[in-house]
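K.L.:
What follows is a single structure, and I will ask about it in a moment.
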Amino acid sequence: MLSVNKYEFWFVTGSQFLYGEEQLRQVAEDAQVVVDKLNESGKLPYKIVFKDVMTTADGITEFMKEVNYNDAVAGVITWMHTFSPAKNWIRGTKLLQKPLLHLATQYLNKIPYDTIDFDYMNLNQSAHGDREYGYINARLHKNNKIVYGYWGDTDIQDEIARWEDVAVAYNESFKIKICRFGDTMRNVAVTELDKVEAQIVLGWTVDYYGVGDLVEEIDKVEDSAVDKEYHDLQKHYTLVQGNNSAAEFEHSVRVQLKEYLGIKRFLERGGYTAFTTNFEDLHGLAQLPGLATQLLMRDGYGFGAEGDGKSAGLSRLLKIMAHNKNTAFMEDYTLDLRKGHEAILGAHMLEVDPSIASEKPRVEVHPLDIGGKEAPARLVFTGSEGDAIDVTLSHFANGFKLLSYPVNANKPEAETPHLPVAKQLWTPKAGLKKGSIKWIENGGGHHSVFSFALTENQIDDLAKMFGIESIVIE
Ligand code: MN
């Protein structure tokens, strides 16, 4: 399974010298308690480290420079325990190149009516301190996250946790390398990717290789390595011979496992974590990679079919955000337009990610009517039920746009005995009609990333970090 660096987040508390040394010591102590309790909550995927109480412009500037420089730090969390004159924050905040979360909270979750006095008020000024600080972030167009509420509440801790995942994905985005075997499917518009723009805005490196380079790598895969994968496959999935002879079935599966290992070695050698294939460009390959691609997606690799580099990068990015869980490359496949049944059936020719399966996937071998190659082995399964989101990345002359909607995910009403592919049914929460019109109006493509693990807010936060447009259809 692909993994990411061990990141941490740095936490600083804003204050000033006006109230004396004792108050500053108390601010530091309280901040340490807040950070300790957040870490102990068990909700945060990445540790928070309390660094300091910030009282001067020079200190804040030095701190932000260190954050930028340190690769282990994914972002900054700030809290204004007292009033912190925000002119102090201008230079440092302008220099900050990593995600920023303003935790607008207060040490106590109530007003202590019986004991409150001016000493208390000198120390606890979040109510107005957050406004002063937030003004500068707004004026600098930081697009930072604001989490508002009591730091000890579980919903607030969840918000911080989900933002951490987005911030780490943002950091990792600048390391994503996409390997495109062949070009985009001929004549198709919506899957086209501007490689230079993707690198400038999203940090992705997008490289092309002729499929012949890949065939060379696949041809080098040893039979013993394929044997081992075949054994693993039998452990994790149900092998269904169907109408094939035993020899035909095993041959087809072994071809896919050889492609799986060959692609994986090729990607590892170049440091790639996402890839595309194109059924129009399979010269020298015995089969369109089906099972091969599905196993790579299971391992955490991003993927886009028909040369779709945008979906390849986006699926890798969202898999990072989702810790490789329940997040899959998807395509709008066919529709149920009957009143009361309105839904989209999502699938692909072969390449549906088993991370969303609700049952043990079956390995099956069936002919494919396009591509003119051998019958490919693929994983067949039914998707899951529950709340999910569907996301796509569109590109226009004026930039990238993340388009998404929350959906109700369901299982198909019946089996499809003559369509042996993995399937996921869903209905946009906005309704099929309204959701689809908005999607089409905004130029959203048919390829998307479908996730049971992520939320609309996270997609919106991600778009803000990149400074790109986000359309949430609700
Ligand atoms: Mn497709």
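Just so it is clear, glycine is given a Cβ too, placed from its N, Cα and C backbone atoms.
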K.L.:
Looking at the Mn(2+) binding annotation from TrEMBL, with Glu306, His348, His447 already listed, which candidate in Glu331, Glu364, Glu469 is the matching residue?
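P.N.:
The one candidate that TrEMBL places in that Mn(2+) site: Glu331.
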K.L.:
Is it possible to list how many residues within the domain 'L-arabinose isomerase C-terminal' (327-469) are helical, extended or coil according to DSSP?
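P.N.:
Summed by class, the stretch gives 24 helix, 58 strand, 61 coil.
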K.L.:
What is the three-state DSSP composition of the domain 'L-arabinose isomerase central' (177-324), stated as helix, strand and coil residue counts?
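P.N.:
Looking at the domain 'L-arabinose isomerase central' (177-324) with DSSP, the answer is 79 helix, 18 strand, 51 coil.
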K.L.:
Pick out which of the binding-site residues Glu306, Glu331 has the most other Cβ atoms within 10 Å of its own Cβ.
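P.N.:
For the binding-site residues Glu306, Glu331, the Cβ with the most other Cβ atoms within 10 Å is Glu306.
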K.L.:
Can you give me the same-chain residues 6 or more apart in sequence from His447 (Mn(2+) binding site) with a CB-CB distance under 8 Å?
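P.N.:
Same-chain residues close to His447 (Mn(2+) binding site) (Cβ under 8 Å, separated by 6 or more) are Val190, Thr191, Gly304, Ala305, Glu306, Asp308, Lys310, Ser311, Phe329, Met330, Glu331, Thr392.
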K.L.:
Please compute the mean pLDDT of the model over the domain 'L-arabinose isomerase N-terminal' (7-173).
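P.N.:
A mean pLDDT of 97 is what the predicted model shows over the domain 'L-arabinose isomerase N-terminal' (7-173).
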K.L.:
Around His348 (Mn(2+) binding site), which residues of its chain at least 6 apart sit with Cβ under 8 Å of its Cβ?
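P.N.:
Within the chain, His348 (Mn(2+) binding site) has Cβ neighbours under 8 Å at Ala305, Phe329, Met330, Glu331, Tyr333, Val421, Ala422.
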